[in-house]
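Student: Supplied in structure tokens, the structure appears directly below.
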Amino acid sequence: MSSSSTPIPAKPPDCIGANGGTPTITVTPLNAAQAAVASTSASSKKPPNMHINIPPDEGTERIPLCEQHSPLALYEQDYDTQGQKIGTMLRKLSVYNATENTSAEADEKPKGATKMGTIMGVFLPCLQNIFGVLFFIRLAWIIGTAGIIQAFFVVVTCVSVTFLTSISLSAIATNGVVPSGGPYYMISRNLGPELGGAVGILFYLGTTIAASMYITGAVEIILIYIRPDWKVFDNIYNNYRLIGSILLFGLGFIVLAGVKFVNRFALPLVIVVIFCIISSMLGCFIHWKGSDSLQFCMVGDRPVDLSTYFERTKIVPNCTVEGLEPLFCSPNGTCDHYYDRMKTIKVWKTSGGPAIRQEPAIKGIASGVFFDNLWPKYKRAGEVLSKDPKDKGDINRQGHPAYIYAESVTNFMILIGVFFPSATGIMAGSNRSGNLRDAAKSIPFGTLGAQMFSSCMYLIGVVLFGSTVSEMFIRDKYGRSSMGKLIISELSWPSPIIILFGCCMSSIGAGMQSLTGAPRLLQAIAADDVLPFLKPFRKMDKRGEPIPAIFFTLFICEIGILIAVIENITALITQFFLMCYLGVNMACALQSLLKAPGWRPGFRYFHPILSLIGAFLCIAVMFISAWHFALVAIFVGAGVYKYIEYAGAEKEWGDGIRGLGLSAARFALLNLDEKPQHSRNWRPQLLVLAPDTDSANTHGVLSFVSQLKAGKGLTLVAHCIEGEYSKNYLEAQAAQEKLKALIKKNRIKGFCDVLVTSNSIEGVSCLVQTSGLGGMRHNTVVLAWPQEWTAAQEWEVAHKFVSSIRAISAARCAILVPKYADKFPSSTTKVSGFMDVWWVVHDGGLLMLLPFLLRQHKTWKNTKVRLFAIAQLEDNNVQMKTDLEKFLYHLRIDAQVNVIEMTDSDISDYTYERTMKMEERSKLLKNLNKADREKDIQNHLELVQMERKLSKINEEPPAFPTQHPLDAVEEEGERSLVKADPSRGVRFSDSDENKSKKGNGTLERDNEEKRRKRRYNVHKMHTAVKLNELMRDKSSEAQMVFVNLPGPPDVDSESYYMDFIDALTEGLDRVLLVRGTGTEVVTIYS
């Protein structure tokens, strides 16, 4: 006996390994000691293609794995070629762990990046960015200038942009997992790498420079309102640069410490900000009847600029005729004309006191100042601030600068541009999407919550501040008429200093959030490799912190701080943010209008009209606020777009622009690439092979296809006629007219075609190969189950059906086989109940996508989806169910999850009996099919028998030679010569003679080969029977059952294959057998 491994050349049907060959286990003879050891581990599981030792039997051989008893032997080929087990698929997604980690493994496992929830990860960062300095230092001035009514609409316009953008953002964020990159990732995956990269760069620059704006604003508050004595230089802007750089240095250390460390500051800072806002609003009610704590100086109808005089002379002037004389009179005694007139008036028309007087800045809600502040009081640049609208200030401002003048022209549109940065900040949470535990849940709730909360605060503030503050003081932007007091701080309760510190903290917190989010955005752009020069910024440390991107962001922020003048950069920042918001709204609108199968947002409260309105508002605000900066932003974006198009890496992300090409191709077949589609753009392009034009089976198939219209793909209904086209063209035309009528009746958006070929198998092959045009080719073939296959011609029918399956598989198309299609509901009926998905093989996700598409149709709208995932012994059922629920959540598919374990149960007698009957019937059918070929042979045998009888009677030589050579008949891989039987003068086969010459070893080997094939069939039948038992137990009442279609068999196993499918679906009313291609058609990513 040889110790070397000797492979047996023959292999059972369908037994295909992962590499296309036969998966085998090498069997090596062992000695007694080795056998004893091996016997103790015989029950241990081994992965395929591993070499295991077993005790010697009759020599060394290689046994196919599919011969081993497996509960899923029917799908062995699919696991080895294009599919994978469900547990394997989940493990590859990195969300599944079949076994519990030991403590040692837990200790060795490195800690990942910090994951945050909705409050800490989205809501608070958004609030910090939204509530910036403008709420405290500009909102009151906007109310005084525009009036309460128009100021209310200024706020509504700005927050409407961010609200609609938040809705679009929520829809996109819930359309799959959003990794790091936030808004950039969502825009690029929906509008393409060029537009995504361009908008991403603009948004990164806007976020980074916004950080410098927040820091500079905080420094301004410190140096003007809190600690004016900290000034080092006479030039105030140099002080901004110095202290701003120091503050940036400190914030840089906090950001480098990581997101978790930043969050420690986030919560206290946000609490302080919210407390300050509420404190200022509480002050409005506490000072219901007004307060004398804050007075400002008036000369007639004009407020006086006391701050400028104090900064120049360090003397605080009194608001009296004598005290203001140095402000309005020159050393030679010449005074301002308006001041000269006012100082002689002892009783002023509105106050009852002198014209030069002090008035309370906080008059209170009860005073009725609401009506004084109701209407707009816009000014042109250089006009004096006055209660009298006709007073334009025709004085020499250079000689007497003691009045307060308008610094620039104001109107409703300009004030929108001034206020809009106060509404930005909604992207702060999405910037951290890579650090969120569940971005699809946190981004919608956190962003919309922060946006609506801040919008309410702004709108309430407009009404309360306009109802409390004096008409003239609320128009004093810097509070110069009261020695530089901030009205919001003076209004607050219990102390004005609280608002000053809160304003400063809110600005610092917003800057810190920007410095945290911007580097992650830059890292995400660099990681996509669309801009080659950004490669150095893709690196991250073990904590998940993008260190190179943080340093570069700090550098860009420092440049913004060195500019120092906030007004010079806020307009451009607004354009950058609006460009990003425009991209988000357009992405949502485009995907909603296309209605691609991959567009399945978990957030339901959106509509394409809302997104289009949001996009229009973004464009309007861009050009309303500063048209020249809008052009600059567009020019920068266009430059980045063209650079990515020229030098960036080619990417296919399933974006909406290419998806738009798919929809346009349905009508014009233009601008559609033939390259493979991303799973986001995948949609079922159906080729329907109609068996005929009249049967109930065909009508059921077309009704089913009609109900898949949510797939938004092109449909081609085709029928094959056997014959010659020159003779059967009239029949083909008539069949095509019938198909057109059926398509119209079932409201199928597609075309029909009739093909005349010599045989139907060739026709199916031609249709599969040639249907479609360019990139608009079918990727899914619908093929009805042949109900007549159990009739007299079942072998021929089975051969045609399985040959069609092979041709479709060779073309890399998905296969849908409706079984009992005549029982499928029509498109005019409605069903309720369950659609059950039995998931055995993950071969691209089509099995999960189909129920979703059907539920978009009114027929199936009231049904619910149940998923039955098949687990094996190595899978952890409890963990697997949890991870499947998470997987479906990320797929945005609503389904109940059930995990069914297929155990290695014993094969029943029923399975053995059914397999034996199947094999016997198949053999008989093959022999019957060969009747025509063997007709001449049979005639010859009858003549031989007749001659033998005559020779016995007449004792004459036979008319025909007994050893006449006959045609060979090939059956099951062996060639046998049919000859006369020796006992009757004719041998029907010389097999016995050959076997006697072959020897006992070869005879045993042939018998073993037959037994091996039978065991193989038994195992497959066992899988079909056990799955069928489970499906009948769980899904007997289901309206539709979806199950994987096993791979096509070898040439000599067609009828076996049909029997396996019959056993799998026996007793079920409506079954859809699905076979994918192994290419993903669904994705968890946005």
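Note that Cβ sites are derived from N, Cα and C of the backbone, with glycine treated the same way.
Pasting the relevant annotations from TrEMBL:
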type	residues	note
REGION	1-22	region 'Disordered'
REGION	38-59	region 'Disordered'
TRANSMEM	119-140	transmembrane segment
DOMAIN	121-286	domain 'Amino acid permease/ SLC12A'
TRANSMEM	152-178	transmembrane segment
TRANSMEM	198-226	transmembrane segment
TRANSMEM	238-259	transmembrane segment
TRANSMEM	265-288	transmembrane segment
DOMAIN	388-687	domain 'Amino acid permease/ SLC12A'
TRANSMEM	402-428	transmembrane segment
TRANSMEM	448-470	transmembrane segment
TRANSMEM	546-566	transmembrane segment
TRANSMEM	572-594	transmembrane segment
TRANSMEM	606-636	transmembrane segment
DOMAIN	702-809	domain 'SLC12A transporter C-terminal'
DOMAIN	831-948	domain 'SLC12A transporter C-terminal'
REGION	954-1016	region 'Disordered'
COMPBIAS	974-996	compositional bias 'Basic and acidic residues'
DOMAIN	1011-1086	domain 'SLC12A transporter C-terminal'
Student: Does the transmembrane segment (448-470) come close to the transmembrane segment (606-636), meaning at least 3 CB pairs under 8 Å for residues 6 or more apart?
Tutor: no
Student: Any residues 6+ beyond the ends of the transmembrane segment (572-594) with a Cβ under 8 Å from its own?
Tutor: 161-162, 164-165, 167-169, 171-172, 175, 183, 186-187, 190-191, 195-196, 199, 202-203, 205-207, 209-210, 213, 417, 420-421, 424, 427, 606-608, 611-612, 614-615, 618-619, 621-622, 625-626, 629-630, 632-634, 637, 656-657, 659-660, 662-663, 712
Student: So what's near the transmembrane segment (119-140) in sequence-distant terms, Cβ-Cβ under 8 Å and 6+ beyond its ends?
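Tutor: Contacts with the transmembrane segment (119-140): 210, 214, 217-218, 220-221, 263, 266-267, 269-270, 273-274, 276-277, 418-419, 421-426, 428-432, 435-437, 442-443, 445-447, 449-451, 453-454, 457-458, 461-462, 465, 469, 474, 477, 486-489, 499, 502-503, 506-507, 509-510, 512-514, 516-517.
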Student: For the transmembrane segment (198-226) and the transmembrane segment (265-288), check the count of CB pairs under 8 Å (sequence separation 6 or more) and say whether it reaches 3 or more.
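Tutor: These two stretches do not touch.
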Student: Please give the sequence-distant neighbours of the transmembrane segment (238-259): residues at least 6 beyond its ends with Cβ less than 8 Å from one of its Cβ atoms.
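Tutor: Same-chain contacts beyond the ends: 113-114, 116, 212, 215-216, 218-220, 222-223, 230-232, 265, 432, 435, 508, 511-512, 515-516, 519, 543-545, 547, 550, 554, 557-558, 561-562, 564.
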Student: What mean pLDDT score does the domain 'SLC12A transporter C-terminal' (1011-1086) have in the model?
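Tutor: Mean model confidence (pLDDT) across the domain 'SLC12A transporter C-terminal' (1011-1086) is 81.
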Student: What parts of the chain pack near the transmembrane segment (448-470), using Cβ distances under 8 Å and only residues at least 6 beyond its ends?
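Tutor: 118, 122-124, 126-127, 130-131, 135, 139-140, 143-144, 147-148, 151-152, 155-156, 159, 162-163, 166-167, 170, 277, 280-281, 283-284, 287, 296, 359-365, 369-370, 373-374, 422-423, 425-426, 429, 487-488, 491.
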Student: Based on DSSP, tally up the residues of the domain 'SLC12A transporter C-terminal' (1011-1086) by helix, strand and coil.
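Tutor: Its residues fall into 40 helix, 11 strand, 25 coil.
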